[in-house]
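**Q** Below are the features I grabbed from TrEMBL:
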DOMAIN    597-661  domain 'CBS'
DOMAIN    694-751  domain 'CBS'
TRANSMEM  65-85  transmembrane segment
TRANSMEM  150-172  transmembrane segment
TRANSMEM  192-212  transmembrane segment
TRANSMEM  224-240  transmembrane segment
TRANSMEM  252-276  transmembrane segment
TRANSMEM  329-351  transmembrane segment
TRANSMEM  363-382  transmembrane segment
TRANSMEM  438-458  transmembrane segment
TRANSMEM  465-484  transmembrane segment
TRANSMEM  512-537  transmembrane segment
Amino acid sequence: MVPSSSGLCRVGGEPVPGVGTYEDFNTIDWVREKSKDRDRHPRGKIATKSKESTWALVKGISDAFSGWLLMLLIGLMSGALAGGIDISAHWMTDLKEGVCLNGFWFNHEHCCWSSNETTFQERDKCPQWKSWAELIIGQSEGPFAYIMNYLLYVSWALLFAFLAVSLVRAFAPYACGSGIPEIKTILSGFIIRGYLGKWTLIIKTITLVLAVSSGLSLGKEGPLVHVACCCGNILCHLFTKYRKNEAKRREVLSAAAAVGVSVAFGAPIGGVLFSLEEVSYYFPLKTLWRSFFAALVAAFTLRSINPFGNSRLVLFYVEFHTPWHLLELLPFVLLGIFGGAWGAFFIRANIAWCRRRKSTRLGHYPVLEVLVVTAATAVLAFPNGYTRMSTSELISELFNDCGLLDASQLCTYANGSEPKSGGNALPDRPAGAEVYSAMWQLALALLFKVLVTVVTFGMKVPSGLFIPSMAVGAIAGRLLGVAVEQLAYYHHDWVIFRGWCSPGADCITPGLYAMVGAAACLGGVTRMTVSLVVIMFELTGGLEYIVPLMAATMTSKWVADAMGREGIYEAHIRLNGYPFLEPKEEFSHKTLAMDVMRPRRGDPPLSVLTRDGMTVEDVEGLIADTTYSGFPVVVSHESQRLMGFVLRRDLIISIENARKRQDGVVSSSRIFFAEYTPPQPASSPAPLKLRGIMDLSPFTVTDHTAMDIVVDIFRKLGLRQCLVTHNGRLLGIITKKDILKHMAQIANRDPDSILFN
């Protein structure tokens with residue numbers, strides 16, 4: 001059942017440029033692409049040639065190692081870009097609040113590192129770092145200074161957001177959003193030209209820094225997957241076997257997606273699992289190894305750049321000192337329930353907002369929308385210290401385990417006790433006034449993040465969802481963690497605390513609750529499980545906290561799935577009408593191929609080509625009158641016995657090429673798809689032989705094949721279309737779009753929402 005592609009790109013013995021390629025917004029034929037790769041070097045051919053000459057041996061070895069070299073280049077390029085993005089975003093985020101006198105290119109932290117006048121209690125204050133109020137009006141305190149800092153914070157945010165949306169709109173419209181829904185669709189075999197091109201890469205890299213620095217409720221982690229895939233796609237053009245084969249290129253893009261998560265979170269293993277679980281459609285074992293190697297190279301490159309100056313790959317690396325207790329699984333499961341509920345709420349609210357954007361005048365003013373949301377975000381964020389700081393810093397603060405050296409407001413407990421011998425961990429203590437004040441601020445920050453993230457994700461700027469979702473969960477987790485900690489302190493004689501939480505012991509770690517909450521909320525939104533747990537423990541270095549993370553993530557997925565089956569990326573794929581056949585979704589309806597195939601009863605008959613009965617003019621007329629992507633070839637209109645299948649694009653290119661390059665081919669020339677052409681009268685024009693472009697073994701099913709089997713065939717083989725026969729006679733055709741429309745009808749959705757072929 002594998003298409004014969006020997007001579008696939010040949011007509012009349014000559015290769016025809018363009019045959020075997022695909023148009024924009026079309027689906028690739030995976031089976032045909034695999035056949036092309038197999039025909040590139042049949043088994044044994046390389047071994048035979050290598051015995052004949054050294055050059056052939058060198059070519060064979062370079063062909064075998066080109067995949068590994070490509071992975072090395074993708075890892076190096078993505079790691080370097082991610083390091084640059086991290087450093088730039090950190091500097092520009094701090095630029096909203098002030099500037100370093102030693103050098104304007106230093107961010108706040110680096111500026112104060114070299115200062116000898118920094119006190120431990122006020123380690124973030126040093127004479128070299130000046131707020132805008134100090135520079136402009138010479139005051140650091142007081143109402144005028146506050147108003148000046150407020151105005152400049154909002155002004156910088158608006159400037160960064162305006163530059164980001166303007167660059168996206170002018171140079172690369174595909175650079176907006178997170179990019180993961182589109183990458184999932186591309187990896188399933190769909191073609192979106194320019195989505196992974198050089199302009200998209202350049203603009204996405206620049207505007208991602210601007211968007212993150214503007215203070216909008218978005219992250220850079222999702223867009224970094226898009227950036228890495230752009231690197232992979234561009235570097236594929238250096239190697240012929242990847243440049244000319246769409247299926248091979250998608251193997252590279254799967255590895256590039258793993259690289260994106262590796263540099264985003266400093267989690268190479270989590271990146272490989274993310275690619276396998278969340279984005280990849282076809283993931284052979286060879287791709288697993290190459291993804292692992294590329295993710296390793298990327299993480300090493302990022303570590304060499306050391307963007308955060310702490311020898312870590314991420315901003316919020318923490319280490320906890322206290323083991324968790326079995327009874328703490330109850331609050332961890334509660335966080336899982338919250339994460340699942342938040343995920344389901346966010347998806348519904350965000351999709352409703354994005355649909356409103358598409359269907360109303362709001363969508364006509366992307367620049368104005370970005371500026372209004374940025375202004376509202378900046379104005380509301382500035383008064384609250386937890387929303388004013390960057391989201392990554394907020395998560396870092398929330399994950400933090402309060403030790404002796406912490407000057408954070410969250411760690412200001414009353415009458416601090418001496419630490420246990422030999423450790424940095426402090427015993428549970430009563431919360432001071434500052435902790436209660438911080439709790440109120442965090443509660444407001446939670447409400448703010450929940451509402452603002454809904455309207456921010458999907459705007460015309462690069463916007464990731466990982467960090468905002470983690471922030472929502474981390475805030476909720478920290479609030480619950482402090483509540484449980486205080487409960488344990490004041491009621492240590494309760495049954496649930498007796499025996500493991502005695503007075504003066506360090507029982508509860510609020511930072512751990514924040515970490516578990518972050519995982520639960522991210523899981524609720526994306527429905528990731530295995531990869532999410534691995535990413536989280538790679539982030540924190542806490543292997544012993546895998547069970548709490550697993551419990552919260554699994555609970556989150558169950559709760560979110562109970563409220564709605566789709567994750568955020570699948571919901572956006574459906575919103576945009578991409579032809580994506582979800583591999584995780586089960587098809588359980590008892591319909592047959594004859595119920596879905598076209599033509600239906602009352603429709604005009606199927607447009608077909610005959611083996612030898614049509615002229616060039618007839619075929620050109622058929623192409624002009626229809627919009628189909630391909631045509632079945634039958635022996636004759638009477639018999640309808642199937643011979644093969646020809647793609648529309650290949651047919652057009654072959655006829656145009658024959659008219660230009662082949663003598664005697666005119667409109668009245670007969671077209672032959674048969675192996676042998678019968679003798680022609682001397683007066684007749686030259687025939688056109690097109691057997692070389694015909695797929696001799698198209699996939700066929702009978703009219704009584706169950707649709708769940710047909711759907712499985714489409715998913716597992718990546719088909720574009722499948723022909724339906726009855727006793728060898730052609731009855732109709734089923735395309736990927738027909739299946740998606742049928743599934744939409746069954747789910748009571750609008751079948752016309754599937755926009756592309």
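Glycine is no exception: its Cβ is also placed from the backbone N, Cα and C atoms.
Unlike curated records, TrEMBL annotations are generated automatically.
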**Q** Can you find at least 3 Cβ pairs under 8 Å between the transmembrane segment (465-484) and the transmembrane segment (150-172), where each pair is 6 or more residues apart in sequence?
**A** no
**Q** Would the transmembrane segment (192-212) and the transmembrane segment (65-85) count as touching if the test is at least 3 Cβ pairs under 8 Å, pairs 6 or more apart?
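**A** They are in contact.
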**Q** With pairs restricted to those 6 or more apart in sequence, evaluate whether the transmembrane segment (150-172) and the transmembrane segment (363-382) have 3+ C-beta pairs under 8 Å.
**A** yes
**Q** Determine which recorded stretch among 65-85, 252-276, 512-537 has the most C-beta pairs below 8 angstroms with the transmembrane segment (329-351).
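**A** Selected stretch: 512-537, with the most Cβ pairs under 8 Å.
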**Q** Ranking 65-85, 224-240, 252-276, 363-382 by the number of C-beta pairs under 8 Å to the transmembrane segment (512-537), which range is first?
**A** 252-276
**Q** Give the nonlocal contacts of the transmembrane segment (438-458) in its own chain as ranges (CB under 8 Å, at least six residues past its ends).
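**A** Sequence-distant neighbours of the transmembrane segment (438-458): 177-178, 216-218, 342, 346, 349-350, 353-354, 357, 373, 376-377, 380-381, 384-387, 394, 409-410, 412, 431, 465, 468-469, 471-472, 475-476, 478-479, 482, 568, 572.
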**Q** Using DSSP, tally how many residues of the domain 'CBS' (694-751) sit in helix, strand and coil.
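**A** For that range the per-state counts are 23 helix, 18 strand, 17 coil.
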